[in-house]
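> Below is the structure I would like to discuss, written out as C-alpha cells.
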Amino acid sequence: MKNMLRTTVLLASLTGLLVLIGDYFGGTGGMIIAFLFAVIMNFGSYWYSDKIVLKMYRAREVTPAESPNLHRIVDGLALKANIPKPKVYVVDSGMPNAFATGRNPQHAAVAVTTGILNLLSYEEIEGVLAHELAHVKNRDTLISAVAATFAGVITMLATWARWAAIFGGFGGRDDDNGGIIGFIVMAVLAPLAATLIQLAISRSREFAADEEGARISKKPWALADALEKLEYGNSHFQPSIRDVQAKETSAHMFIVNPLKGGTLQSLFRTHPVTDERVKRLRAMRF
C-alpha cells in the first residue's frame, strides 16, 4: 500500500512538473501539450516501465535450457518466497550486478549481468537472487521502475534544455532572455531532481530486502560475501558511455550502486553503505 502511494505521488509529480514546464515555455498551448504528454508518460510508466528498463540494458530472456543453474535457483527461491516465478533475464555486461523489475509479483522479472555470473559462486548468486525476489515480494519493483522512467524523462528534459539554451530557446515566452535563463536553470537543476527522485525510493528498502532475502535463502553469509565482491567489482569496472547514461537514471534498482562515488555522489547515495549491510547480514542467524 505504501509503495502504491509513493508510485501515485511520483506520477502526479511528473504530471505537475511537465505542466509547469509547458506553461513556462509555451503558455496555455504548451501546458496542454505537456499535460497530454504527461498522461501518455504516466500510462507508459505504469504498464511498460519494466520493459523500458530491460530494453535500456538490452536484457535478453533466457530459458531453462540456456541457463539451467539460474532457473534452478529462481525456481527454488520463488517457491520459498511463496510468489510466482519471475521471468529470468541476462544482461551482456561485464558490470557485476543484478536487479528486479515488474509492476507486481505476477508480472516480475529478475536480471543478472554476465559479470555477476562470472564473479560469484553458486551460493552467492543464490543470495543475490533471494535479495531481488525479496524486492518482488515486498512490491518495491513497480516504484523502482517508475522512478527510473521518471528520472530518464527528467534527464531528457535537461539535455533538451541545454541545447535550447545554446540555440536561444524555441520561441516560448516573449522575454527571450528570461526564456534562455529558464532553459539554463532547468539544465542545471534537472539532473539533481533526477537524483532526488531516486533518493525518494528509501534506502531502508535495501536493508529490508537484505533481511527478507536472507530469510528466504537461509544463507545471510552468502549475500554478505556477494555484496563485498560486488562492491569491489563495480568500483573497478570501466563502463561504456551507454552504460553510464543508463545507470544515472536507474542506479537505485541495482543490488549495489553501479556508479563510482565521489564526495557529492556519497552525499546523494542511493544505497546504504555496503559495509553496514554486510555487518547486519553477518549478525543474522536463521
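Cβ atoms are placed via backbone N, Cα and C, with glycine included.
Reproduced below are the annotations present in Swiss-Prot:
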{"type": "ACT_SITE", "residues": "Glu132", "note": "active site"}
{"type": "BINDING", "residues": "His131, His135, Glu206", "note": "Zn(2+) binding site"}
{"type": "TRANSMEM", "residues": "7-26", "note": "transmembrane segment"}
{"type": "TRANSMEM", "residues": "30-49", "note": "transmembrane segment"}
{"type": "TRANSMEM", "residues": "141-161", "note": "transmembrane segment"}
{"type": "TRANSMEM", "residues": "180-200", "note": "transmembrane segment"}
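Show me how these features fit into the structure around them.
In the three-state DSSP assignment, the secondary structure recorded for Glu132 (active site) is helix. Within 10 Å of the C-beta of Glu132 (active site) there are 28 other C-beta atoms, taking all protein chains into account.
In the three-state DSSP scheme, Glu206 (Zn(2+) binding site) falls into the helix class. Neighbour density for Glu206 (Zn(2+) binding site): within 10 A of its CB lie 23 other CB atoms from the protein chains shown.
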> Report the residues of the chain - excluding His131, His135, Glu206 - with C-beta within 8 Å of the mean position of the site's C-beta atoms, for the recorded Zn(2+) site, in sequence order.
Ala100, Glu132, Ala134, Asp140, Arg205, Ala208, Ala209, Asp210, Glu212, Gly213, Ile255
> Test of understanding: give the count of other CB atoms lying within 10 angstroms of the CB of His131 (Zn(2+) binding site).
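Taking every protein chain into account, the count is 28.
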> Please report the number of other Cβ atoms within 10 Å of the Cβ of His135 (Zn(2+) binding site).
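His135 (Zn(2+) binding site): 25 neighbouring Cβ atoms within 10 Å.
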